[in-house]
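Chemist: Pulled from TrEMBL, these are the listed features:
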TRANSMEM  60-80  transmembrane segment
TRANSMEM  86-104  transmembrane segment
TRANSMEM  124-141  transmembrane segment
TRANSMEM  147-164  transmembrane segment
């Protein structure tokens with residue numbers, strides 16, 4: 001098993017059935033390392049975007065489990081304050097996502113049917129669906145805003161922490177030792193898909 005750090009327990013591993021690859025979860029960093037005495041914060045050099053981006057990406061990789069837990073805590077706290085609106089907002093966003101996915105799939109089928117001479121779908125039904133979705137969004141707009149706030153606030157806090165947190169020697173050594181694990185972690189997979197993984201990894 002791959003060990004992330006000498007003084008921190010082994011990472012959790014999860015095998016994805018589709019690819020068979022092992023997804024490794026980075027260990028949880030201590031509160032002292034994340035926020036308290038040993039943590040040092042400084043404004044980044046806004047003139048040097050490469051250095052600033054390097055700091056953000058490496059902190060996102062190093063503290064990714066802390067960021068995930070922080071996001072879950074913020075979302076849970078907002079859910080406790082506004083449970084009804086959060087449930088409605090999540091349900092509406094999931095329903096809208098499903099409708100849009102189905103709509104684009106129907107668009108693809110429609111383009112095929114037009115070339116093959118099949119009948120077009122009813123335009124009034126499409127118009128009614130669009131008006132119905134618009135009414136739901138406006139009627140439950142505050143619930144949607146609360147859910148978006150609950151999702152975007154943790155992202156903002158994680159990026160703020162990653163921008164301000166100076167990397168100490170332990171952070172750099174641990175990152176160097178965790179090359180394989182970092183690339184197989186959820187944040188590593190996401191950053192690699194976005195083509196943001198540092199060259200060192």
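Numbers run from 1 along the shown chain.
Just so it is clear, glycine is given a Cβ too, placed from its N, Cα and C backbone atoms.
Keep in mind that what you see is a predicted model, and the values were worked out from it rather than measured.
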Chemist: Under an 8 Å Cβ to Cβ limit, what residues of the same chain, 6 or more beyond the ends of the transmembrane segment (60-80), are close to it?
Modeler: 25-29, 34, 86, 146, 149-151, 153-155, 157-158, 161-162, 165, 167, 171, 174-175, 182, 185-188, 191, 201
Chemist: Can you tell me which parts of the same chain pack against the transmembrane segment (86-104), counting only residues 6+ beyond its ends and a CB-CB cutoff under 8 A?
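Modeler: For the transmembrane segment (86-104), the nonlocal Cβ contacts are 78-79, 129, 133, 136-137, 140, 143-148, 150.
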